[in-house]
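Engineer: There's a structure below that I have some questions on.
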C-alpha cells in the first residue's frame with residue numbers, strides 16, 4: 001500500500017482560558033462553541049480544507065424522512081442521526097432505517113469530534129425501552145442499531161438500560177436483529193458491572209468504536225483510554241464468542257497510515273470481527289479541524305489490508321459510518337437475516353453501498369458528522 005501524502009498542517013492544542021461556570025442543570029445542552037469552548041482541549045486556527053468531490057451527499061426526494069421523524073417524535077425517541085448531524089441521515093431515513101440513541105440527548109463527555117451535546121443528563125426514562133420496542137415493531141425493522149451517549153453519572157454506565165431495550169425489542173419484534181453501539185463503560189468497577197449485566201441479554205452484534213489511533217486520544221477523546229476500549233471489546237468477545245464484535249475509526253484527524261494499520265492490527269488482535277473506516281467531517285468550526293481528506297483509493301487499500309488481517313467484514317470509504325448500512329455489514333459478515341424494512345424502500349445491495357461511497361451528487365447536505373463513539 002502506497003504511503004499517503006499528508007499535508008503539513010500544524011495542529012496546536014492551546015489551553016482553556018474560559019472561567020469556570022456554574023453547575024449545569026439536568027438536561028441543559030452545551031453544543032458547538034459552548035461545548036468545545038469549555039473543553040480542556042482547544043484548537044488554534046488552521047486552514048480550512050476544501051471538501052473533495054467524493055464527500056458530497058445526495059439529498060433524496062420524497063417525504064419518507066419527515067414521516068420517520070414524525071414517528072420518532074410521536075414516541076419521544078432520539079436518533080444519533082439527528083443529534084450528531086450525520087451526513088448520511090437523508091439516505092438512511094429515506095430507506096426507513098435509523099440508529100436510535102437511548103439514555104437521553106446529553107453526554108457527560110466533551111469529545112472534540114462529536115456534535116452530540118454535553119451537559120448533566122437527566123435520569124434514564126423508564127418508559128424508553130417500551131417506546132423504542134413499539135417503534136421498531138411499527139416500522140417493521142429487521143435490523144436496528146441502538147447506541148447511547150456516555151453516562152459517566154451511572155454506576156453501570158447505562159448497561160441495564162441497554163439490556164432493557166434489547167429485551168423489549170425482542171418481545172415486540174422477535175425477528176429483529178439488534179446491534180448495540182456502546183460507550184466505553186470506563187470507571188472503577190464499571191466495565192465489570194456492565195459486562196455482567198449485558199450477559200443476561202446479549203445483542204446480536206456488539207459494537208464499540210475506538211474512534212482514532214492511540215496517539216491522538218488526548219486531543220480527540222479526552223476522558224477515554226485506547227487500551228480500555230480494546231479490553232472491553234476483547235472481554236465481551238471472550239464471554240460471548242458467538243456474538244460478532246465490531247469497532248470503527250475515523251480518518252482525517254492527523255493520523256498516519258502506519259498508525260491506522262497498527263490500530264487495525266490491534267483490533268484484530270483483540271478478537272474484533274468487523275471494522276468500519278470513514279472520513280471525519282468537522283461538525284462546527286469549533287470542533288477538531290479536518291487535517292486531511294483520504295481518497296477513495298486509499299480507503300479501498302485499507303479495506304484490502306483489513307481483510308488480509310482476518311476481519312470478517314471491512315467497510316472502508318469516505319462516507320462510511322459505524323452504523324451506516326450496518327445491516328449489510330452484518331449480513332456480509334455471516335449474520336443471517338432478511339435485511340428489509342416496512343417503509344417500502346428496497347434494501348441497498350453491498351455493491352450499491354460501495355459505489356455510493358465514491359459518487360458525488362449535485363447537492364450536498366449539511367456535512368456535519370460524528371462517527372459516534
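One-based numbering along the chain as shown.
Using N, Cα and C of the backbone, Cβ positions are placed for all residues, glycine too.
Feature table excerpt (Swiss-Prot):
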- 14-36: region 'Disordered' (REGION)
- 81, 86, 92, 323: [4Fe-4S] cluster 1 binding site (BINDING)
- 93-312: domain 'Radical SAM core' (DOMAIN)
- 107, 111, 114: [4Fe-4S] cluster 2 binding site (BINDING)
- 346-373: region 'Disordered' (REGION)
- 358-367: compositional bias 'Polar residues' (COMPBIAS)
Engineer: Quick one: give me the count of other CB atoms within 10 A of the CB of residue 111 ([4Fe-4S] cluster 2 binding site).
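Structural biologist: Result for residue 111 ([4Fe-4S] cluster 2 binding site): 27 neighbouring Cβ atoms inside 10 Å.
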Engineer: According to DSSP, does residue 114 ([4Fe-4S] cluster 2 binding site) fall in a helix, a strand, or coil?
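Structural biologist: Reduced to three states, the DSSP call for residue 114 ([4Fe-4S] cluster 2 binding site) is coil.
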Engineer: For the C-alpha pair, I'd like the distance in angstrom between residue 111 ([4Fe-4S] cluster 2 binding site) and residue 323 ([4Fe-4S] cluster 1 binding site), rounded off.
Structural biologist: 19
Engineer: Could you list the residues of the same chain, at least six apart in sequence, whose Cβ is under 8 A from the Cβ of residue 107 ([4Fe-4S] cluster 2 binding site)?
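Structural biologist: Residue 107 ([4Fe-4S] cluster 2 binding site) has long-range Cβ partners 114, 116, 117, 118, 119, 121, 149, 150.
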Engineer: Sort residue 107 ([4Fe-4S] cluster 2 binding site) into helix, strand or coil using the DSSP assignment.
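Structural biologist: Looking at the DSSP assignment, residue 107 ([4Fe-4S] cluster 2 binding site) belongs to a strand.
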Engineer: For the binding-site residues listed here (114, 323), tell me which residue's CB has the most neighbouring CB atoms inside 10 Å.
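Structural biologist: Most Cβ neighbours within 10 Å: 323.
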Engineer: Over the span of the domain 'Radical SAM core' (93-312), how high is the average pLDDT in this prediction?
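Structural biologist: That region's mean pLDDT is 93.
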